[in-house]
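See below for the structure under consideration.
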Amino acid sequence: MEIVGDYEYNNKDLIGHGAFAVVFKGRHRKKSNFPVAIKSITKKSLAKSQNLLGKEIKILKELTELHHENVVALLDCKESQHNVYLVMELCIG
Ligand SMILES: Nc1ncnc2c1ncn2[C@@H]1O[C@H](COP(=O)(O)OP(=O)(O)OP(=O)(O)O)[C@@H](O)[C@H]1O
């Protein structure tokens, strides 16, 4: 299991990938019935897309403030030596 703050994911549980990130299905470490999506961005690719990521975090934070059922909330942001992680509510369907 990979640990991201209060959350964890298994490398096998890949959901998808976008222009600069891979997204895994994960969960809260203490609440196993609390599923999340963990977006992992390598710092290498960050160098190319720093502006894009900055905008995405800003927008996600603003949207999270709305507490709207149709808007995915950003739960946490963490970084390791090589990666930046965005922990979000998991969208199903
Ligand atoms: N919160 C989430 N819940 C469930 N699946 C998600 C979530 N966020 C992303 N995904 C899945 O991971 C894939 C990649 O997401 P990501 O945000 O990296 O890229 P994208 O939005 O598809 O494209 P781009 O990189 O161009 O913005 C998505 O297509 C989706 O299938």
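Just so it is clear, glycine is given a Cβ too, placed from its N, Cα and C backbone atoms.
Annotation source TrEMBL lists ATP binding site at Lys39. According to DSSP, Lys39 (ATP binding site) sits within a strand segment.
Averaged across the domain 'Protein kinase' (9-93), pLDDT in this predicted model comes to 90. Annotation source TrEMBL lists domain 'Protein kinase' at 9-93.
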